[in-house]
Amino acid sequence: MLLKMEEMVPEKKNEMKKTSNFVAGVSKNGEYETAVALEKQEDLKTTSKSLIELEEEKQIKEKQLKSELLKKKLEERPKLDNLEDLQTIINLKKRKRVKKVHVPVVKEPEPEEIIENVDQTTFFKAALDNKMPVIEKYLADGGDPNTCDEYKRTALHRACSEGHTDMVEKLIEAGANIEFKDMLESTALHWTCRGGSVETLKLLLNKGAAINARDKLLSTPLHVAVRTGHYECAEHLIACEADLHARDREGDTPMHDGVRLNRYKMMRLLILYGVDLNIKNSAGKTPMELVMQWQNGAKEIFNGLQSKSYKNSHISKF
């Protein structure tokens, strides 16, 4: 009769016996499931405990690392031993605040090519709008630079009024007449003073424009500059020896115009350059008398308003 393996090995046999006794005992009392459940709970407790410990260790290490980094950072900070150290820190702060600004690259527009013929109306409009290719096309096709509209205004007049200095130079080089007068007998210099471009004014004077040219009202370019309030134009004309005492059709000098229009900066400028304040206009008034006349007129207006309000207040009482 063959023996089983367990029976031949005494230790194994005893183990099996104990296990069978334990299982039998537990099963016998109906507590096997409870024992297994307790065993699992103990295992879970062990596992949870080990995870918590690992997490705590991790947090401790992170705190230590942060502490070391902070300590290192503090050690690397510049020390304030003197004023030079303070200035160094301020300079470093300023550098940090400076931000790089990316400037967008703008492509230059390609030159406009004009194929069709340019008529007179388009030519005048191009002078106003500073469309150089249109002007060049018109001139290249043999167009007359001195052509004018029904008011005898030329392209040069228009370009001067808008301050298109490059176009003015182009038109003059093409043969435009600087002294050409429109219906009101204004020259290019008059139109420039209306527009207020000092650069265009300088160009015209350098090209030989008459500085004291007269229009239909006998006004000079200086009269126009004072009336329109273009200080720099007036100053440049005076510096180029424009006539300070030129009289228009009403006998007014630029100073008379400045007083009448309350151009205080112009008045100071003219006085600075030695204008004669005793010149009388056609009405027999000096600039100073115009000031007094204006003041008296203002007083009369205010006095009239005061008396009117006084009467109204008394009437309202009854």
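These residue numbers are counts, starting from 1, taken along the chain as shown.
Glycine too: its Cβ is placed from the backbone N, Cα and C atoms.
Feature annotation from Swiss-Prot assigns coiled coil to 37-77. As annotated by Swiss-Prot, repeat 'ANK 1' applies to 118-147. Look at Swiss-Prot and you will find 151-180 tagged as repeat 'ANK 2'. For 184-213, the entry in Swiss-Prot reads repeat 'ANK 3'. As annotated by Swiss-Prot, repeat 'ANK 4' applies to 217-246. Per Swiss-Prot, the feature repeat 'ANK 5' maps to 250-279. The repeat 'ANK 6' annotation in Swiss-Prot covers 283-314.
Residues belonging to the repeat 'ANK 3' (184-213) score a mean pLDDT of 97 in the model. Note on the repeat 'ANK 5' (250-279): DSSP counts are 16 helix, 0 strand, 14 coil.
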